[in-house]
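Peer 1: When I checked Swiss-Prot for this same protein, it listed these features:
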BINDING   C158, C161, C171, C174  Zn(2+) binding site
BINDING   K351  ATP binding site
DOMAIN    619-725  domain 'tRNA-binding'
MOTIF     27-37  motif ''HIGH' region'
MOTIF     348-352  motif ''KMSKS' region'
Amino acid sequence: MSASDLTSVQAGAPQGRRQILVTSALPYANGQIHIGHLVEYIQTDIWVRTMRMHGHEIYYIGADDTHGTPVMLRAEQEGVSPKQLIERVWREHKRDFDSFGVSFDNFYTTDSDENRVLSETIYLALKEAGFIAEREIEQAYDPVRQMFLPDRFIKGECPKCHAKDQYGDSCEVCGTTYQPTDLIHPYSVVSGAAPVRKTSTHYFFRLSDPRCEAFLREWVSGLAQPEATNKMREWLGEAGEAKLADWDISRDAPYFGFEIPGAPGKYFYVWLDAPVGYYASFKNLCERRGLDFDAWIRKDSTTEQYHFIGKDILYFHTLFWPAMLEFSGHRTPTNVFAHGFLTVDGAKMSKSRGTFITAQSYIDTGLNPEWLRYYFAAKLNATMEDIDLNLEDFQARVNSDLVGKYVNIASRAAGFLLKRFDGRVQASAMNHPLLATLRGAIPQIAAHYEAREYGRALRQTMELADAVNGYVDSAKPWELAKDPANAVALHETCSVSLEAFRLLSLALKPVLPRVAQGVEAFLGIAPLTWADAGTPLSPEQPVRAYQHLMTRVDPKQIDALLAANRGSLQGTAAAAEAGAANGNGAGSKNGKGAKAAAQPAASAANADDGASPIISIDDFAKIDLRIAKIVACQAVEGSDKLLQLTLDVGEERTRNVFSGIKSAYRPEQLVGKLTVMVANLAPRKMKFGLSEGMVLAASAADEKAEPGLYILEPHSGAKPGMRVK
C-alpha cells in the first residue's frame, strides 16, 4: 500500500496547512470510563497527534453527554440533583482521559448555554424549512411515577421465545425486535407497576422527506469505509422504496434536558442535542481562544470535520446528524470513522471474570497507560473490525516490542556515549545507511497513521527496531569498549544507535506521547514533528543522563487488575453447603453475592464478606447442576417461607424439593418453568418431608435494602436433565 493509496484527505480539501475539527463520541454521564470506551479515545487521539505533528490547525473536541431519563433517575437514586451528578461524573471522566493522554483541546458538557442555543437554532431552522412534524402518539406510561417510559425502561416476557425480563425494544435471548406493546406482562423498571397506554403530542424530524433521501444518497458516496457505505445503502434501500422513517426528537416531562421552544413540557430527545454538543464544545473553545466559530461550521466552510465513533451509533451519525446539518444551513461532516467493539480474552467484558476493566482501576493498579495505548494501536486499522485484548499477548507484546526492542536501544548506547564521548554524537555517523533507511520510512509510517492503519505503522516501526538491534548486536559495542583503539568505531555505533532511537521515537510519538516527551528531554531536542526526520542529532548538543523510560509488565499487575474488577462471587459449593446446613432446599448465586434463599441475615452477611475459601475445579466438578422442570408446586402448610416443588430432572421419577422462595412467587407462577438444581445434594429429612436437592435462586447481598428472590431460568432450548457446567 503506497502513500498515494492512503486516502484520508478528501477530494477538494485544502492542501498545505489544513484546518480540521475532530470529535470522539460523547461518553454518557452516568457511569465510569472503561477500557472499551478507551479504544475510541485512544484511536482518535493518535490520529489527532499525527496531524498536529504535520503542523495542521486541528482541534480535538469532546464533552460529556448529560441529558436523558437515565441521568435523571440515577441522580434521584443517589439523592443529588442531575446537575450535581453530571458535574461529578465530568471530573471523573476528565481525570481518566488525562491519565491516558487523551489530548482534548476542549472537554465540555452538553448541559451548557452554548448547546441550548445551538440546539434551538438548528431545530427552528429545520422547522422553518418544513422538516418538523407534530403528531399524537401513544406511549407506555408509569401510573405510579407519572412519567412516560422509554422502551429500555419497560421489561416483560418476550412475545416470541417467552424469555423473562426482556427490554421493551428487543429480546437479548432470541434477538427479536418489537414494540413495547408486544411484551407479555410488561412492567416499569422504575416502579415495577404495569404501564398503561397514554397519548401525547410529539415532534418529529421528517427524515422521510424526499429531500433527505436525495441528500443522503449523495452524501453516503463520500464515506471512507465500505462497511459504513454498505450499511447506509441498506438503510436507505433502493430509490423509491422510502425506507427512512421520521425520527421522534421529543420527550415528555419529567425529563432532564432542554425544553423545546414553543412547546412547554416537551424536551429535546438526548440524541438531538448530543451531536450538537460537538459544536457547542467547539464554540466554547472558540470564544476562549478568539477563533471564528462561524467560519468552521457554515455551509461553504473549507475546513474539515471528522467524527470517530463506535459502529453501534453509525445510524445517528450518518443519517440524522448530516441531514440535520444540511437542512439547517450548516456544513456536513467530511467523514465519519467507525471502529468495532472490544473483547477481552476473546469474550465480552465481564464483571464476574474481572475483565470489565475501568480506566481508574487500570491506573490504580499501577499499569502504564501507554502500554494500553500501544496494544490498542497495534490492533487497530481503518475497518470496523472488533479487536480483542488478550491479556497474555498484551504482556508479551509490550515486554517484547516496547522494552526489549525499542527502549533497550537507548539503554545500550547512552552509557558509553556519556562516559567516553561527553554525551556527544559523532557527526559522520549521521550519514550511516541504516539511518537513511529509517528516515526514508518515516513518511510512509506517518501516512499509515493518517489512514488509521495503526497496526501497519507499528509493524513497520518494529521491523525497523529489529534492524537497529541487529546492527547493535553485530557491532558489539560492549566488546569495542574493552579496547581504546576501537574508540572511533564505538563512537559511531553509539551515535548511530541513538539517532536510530530518535527516529523510532518519532515514529512512535503519536502512540507514546509521554515516552516521546521523555526522549526529547533525554536527547535535549525540541518536540518532534514529522519534518524532523531529516534533522539528525547534533554534536553541539550533548545528551543527558539516561532515565528509564519504561518498565516491563509484571504478571502480578495483571492478576491485581482482574481481582480489582472481579465481582464478589461465592462458590456454588459453599452456597449448597450453607443451604443444606440451614435445612433449606433453595440456594442463590449472583454477582452481588450468593446465599441460601432462606438463611438468617447473619449467615447472609458471612456468605458475602468475601471470606469464602477458594475451591479448585475438582471441587466444583463434584457439584451436579441439572436443568429441572417444575411440574407441580404448592405452598407448605405451617411455613411462611417454603414452597414444595415437584421437579422433572430427566430421571424415571420426579424429585421433591422444599425451597424458601414463597415470599417471591405464587405456586401457579412456577409451574411449567425450567430452573437449575443441585442434583447430588444429600437428601435431607425436614419437618415437612424429604428434600431431594436444591434449586438455585439469586438475591442481593443486603435483602433489607434490596429485597427480592429470583430463581434461575435457562435460555430456551434447555431440557430437563441437561447438565449445567
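Any Cβ shown, glycine's included, is placed from N, Cα and C.
Looking at the shown structure, can you explain where the listed features end up?
Peer 2: Sequence-distant contacts of C158 (Zn(2+) binding site), defined by Cβ-Cβ distance under 8 angstroms and a gap of at least six in the same chain, are Q166, C171, V173, C174, T176, Y178, L183, I184.
In three-state terms derived from DSSP, K351 (ATP binding site) belongs to neither a helical nor a strand segment and is classed as coil.
Sequence-distant contacts of the motif ''HIGH' region' (27-37), counting only residues of its own chain at least 6 positions beyond either end whose CB sits under 8 Å from a CB of the stretch, comprise 64-66, 68, 70-71, 74, 85-86, 89-90, 92-93, 96-97, 109, 341-342, 344, 349, 356-360, 362, 372, 389.
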Peer 1: What mean pLDDT score does the motif ''HIGH' region' (27-37) have in the model?
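Peer 2: It averages 96.
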Peer 1: So which of the binding-site residues is most packed in, judged by how many other Cβ atoms lie within 10 Å of its Cβ, out of C161, C171, C174?
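Peer 2: The most densely surrounded of these binding-site residues is C171.
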Peer 1: I want the residues beyond C158, C161, C171, C174 whose C-beta is within 8 angstroms of the mean position of the Zn(2+) site's C-beta atoms, in chain order.
Peer 2: P159, K160, H162, A163, Q166, E172, V173, G175, T176, S716
Peer 1: Return the count of C-beta atoms lying within 10 angstroms of the C-beta of K351 (ATP binding site), excluding that atom itself.
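Peer 2: A 10 Å sphere around the Cβ of K351 (ATP binding site) contains 14 other Cβ atoms.
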Peer 1: Which whole-number value in Å describes the distance between the Cα atoms of K351 (ATP binding site) and C161 (Zn(2+) binding site)?
Peer 2: 27
Peer 1: What are the DSSP helix/strand/coil residue counts across the domain 'tRNA-binding' (619-725)?
Peer 2: 7 helix, 44 strand, 56 coil
